[in-house]
Amino acid sequence: MASSATTTALVFVIFIITFSLVAADDVIHDDDSPKSPSCNNSYQLVKVKNWVNGVEHKTLGGLSARFGALLPAEANEDRKFPAILSDPSNCCSNLSSKLSGSIALAFRGDCDYTTKASLAQSGGAAALLVVNNEEDLAEMVCSNNDTNLDITIPVVMITNSGGEAMKKSIADGNKASFMNAVLHHQSHIEVSIRASPPAAASAASGGNAGSKKLKLFVLSRCGTKKIPVEVNASDNSVMDDERSFRWHHVNQVEILLYSPNRPTMDFSVVFLWIIAVGTVVLASIWSEFSEHEQKDERYNELSPKANAVEDEIEKEVLDINVKGAVFFVISASVFLLLLYFFMSSWFIWLLIILFCIGGIEMFVGLGSPYASESMAACERCVLECLEGNEGMHACIMTLVLRRCRNCTRKTLNLPLLGEVSILSLVVLLFCVAFGIVWAVNQNASYSWIGQDVLGICMMITVLQVAQLPNIKVATVLLCCAFIYDIFWVFISPALFKQSVMIAVARGDNSGGVAVPMLLKVPRVFDPWGGYNMIGFGDIIFPGLLVSFAFRFDKANKKGMSDGYFLWLIIGYGLGLFLTYLGLYLMDGHGQPALLYLVPCTLGVVYILGWRRGEVKDLWNYKTDTLSTVQLGSQA
């Protein structure tokens with residue numbers, strides 16, 4: 001019967017292989033909305049630059065509609081227009097506000113998007129900004145009746161918070177005051193004027209030169225339209241024709257819309273490719289480093305109690321069989337659906353905590369056979385961490401001990417734990433602090449570094465714990481994963497109206513907070529920013545086969561050229577390259593990476609094995625382990 005430690009490890013492995021996806025986020029794709037020649041635009045991500053009183057504010061993000069004019073790729077200052085609130089605010093009936101030469105700001109609701117755009121265009125608006133009622137960007141599409149549209153202005157949706165901020169700036173500009181011979185008008189007009197002669201002012205104010213009501217006519221900036229403005233005067237002396245008055249545009253809001261092109265290739269893809277391939281190589285050969293270092297007595301024997309525990313418990317390996325391979329994929333599908341339907345902020349935090357624990361590698365002690373004895377279980381947990389069998393702690397300890405063999409000689413006596421290596425304790429505390437700092441600052445621009453470090457350590461752990469015994473099991477596992485990946489990325493939209501894998505990876509149902517089971521690198525040269533990402537499953541599934549090839553070559557004393565390991569690494573790198581090629585050919589649509597990786601890895605094994613006459617050996621090969629746990633027995 002498998003121990004609870006193995007069960008814990010099994011659940012953990014399923015948890016992190018759920019995501020098998022290569023994607024570039026923040027990309028909008030096709031939908032199944034009605035289309036016509038006048039309603040068939042590709043969605044454009046739009047930058048909404050805005051100025052208040054000539055001071056540039058934070059650029060907002062927007063999304064263009066299926067209809068209307070396309071936006072330029074460059075930010076041309078000549079296309080900067082003043083912003084005006086539509087009246088009515090939903091822009092669903094005849095407008096009383098003058099929109100000529102302006103960008104209309106309207107709120108979502110009460111009528112079709114095409115109706116809003118048509119009314120704004122008939123009112124002379126240069127463009128229409130639609131404010132969503134939520135903090136996302138809805139796709140503005142046509143209805144079945146919109147078959148003959150003639151909308152020639154750009155139509156862009158912005159988020160609710162951005163629209164409300166812009167509305168406030170515009171609304172505050174609809175006030176005017178006249179104090180100390182200076183006229184302040186908060187609108188989109190800027191002009192300097194002089195007071196009218198007493199007679200003219202008297203006529204403008206109804207014949208009463210001493211009135212505190214003054215009506216002035218001023219020219220707009222382009223000098224083509226007279227606008228009457230009634231203001232309040234605090235002092236009759238302002239009627240003196242020698243006084244000068246200046247019109248101050250206190251809250252003049254201007255907007256510039258453009259849609260910069262995304263580069264065909266961002267350097268971050270190359271960096272992510274190196275990280276993914278490097279992780280597979282490192283995880284495959286890591287046992288060579290760790291086994292060498294764990295032969296060191298002071299590294300292994302951190303305390304007398306640790307020795308006692310080690311004498312009773314052998315290292316376990318999840319040796320996957322055929323039933324276990326199928327169980328893996330079915331369980332991952334169930335877990336993915338749970339994430340899709342029940343994702344929330346608290347659930348995201350649960351995943352983050354599990355991710356940190358896995359990266360630091362503390363879970364091995366939680367499933368101890370001594371779990372029934374709470375004190376012993378607690379000791380076991382801490383000792384396992386200090387021993388650094390796997391995870392970030394083990395990675396650091398292994399690297400340090402390769403350079404300094406005597407670093408573990410200094411020890412410290414701790415209550416319950418006994419004699420413990422000071423170095424091991426310090427490294428453990430560092431790893432815990434590293435995980436906590438990352439979790440607290442996961443929204444920072446640099447947090448991707450911590451996430452990738454923890455993720456790499458976690459995948460090294462998984463590829464040491466889970467092993468394929470032969471290519472019979474590898475064939476079943478990778479073929480099931482191949483179907484799993486394609487289904488949840490490409491076929492699931494037919495059932496769920498969107499790609500389940502992409503929706504969960506982006507955090508669509510959790511307020512945009514993405515799950516941490518991804519390696520990601522920021523797109524440095526992309527004007528839209530964002531990240532290129534690869535799911536852990538795209539590294540672990542092929543990595544299991546690559547690790548098997550390394551063990552097979554080592555057991556059969558094969559060299560680099562006549563073995564399988566080197567060629568599988570090349571195949572994995574090629575498959576990942578084809579994945580990114582597909583990503584860009586399909587306009588950034590998330591790709592099921594295993595669609596490319598499985599043929600380029602499993603296919604290489606079969607081709608080489610067939611040419612060398614070793615397919616039968618590979619098919620029936622069984623790696624001997626110290627304590628083998630058949631995963632299928634738990635399925």
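The backbone N, Cα and C atoms fix where each Cβ goes, glycine too.
Database features (TrEMBL):
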type	residues	note
SIGNAL	1-24	signal peptide
DOMAIN	92-165	domain 'PA'
TRANSMEM	267-286	transmembrane segment
TRANSMEM	325-342	transmembrane segment
TRANSMEM	348-366	transmembrane segment
TRANSMEM	412-440	transmembrane segment
TRANSMEM	446-466	transmembrane segment
TRANSMEM	473-491	transmembrane segment
TRANSMEM	528-552	transmembrane segment
TRANSMEM	564-586	transmembrane segment
TRANSMEM	592-610	transmembrane segment
- Message: Looking at the domain 'PA' (92-165) alone, can you tell me the average pLDDT?
- Response: 85
- Quick one: find which recorded stretch in 325-342, 412-440, 564-586 has the most Cβ pairs under 8 Å with the transmembrane segment (446-466). 412-440
- Message: Let me spell it out: take the transmembrane segment (564-586), skip the flanking residues so only those 6+ beyond its ends count, and list any with a Cβ under 8 Å from a Cβ in it.
- Response: 22-24, 264-265, 269, 273, 276-277, 280-281, 284, 534, 538, 542, 545-546, 549-550, 552-553, 558, 593, 595-601, 603-605, 608-609
- Provide the three-state DSSP residue tally for the domain 'PA' (92-165): helix first, then strand, then coil. 16 helix, 14 strand, 44 coil
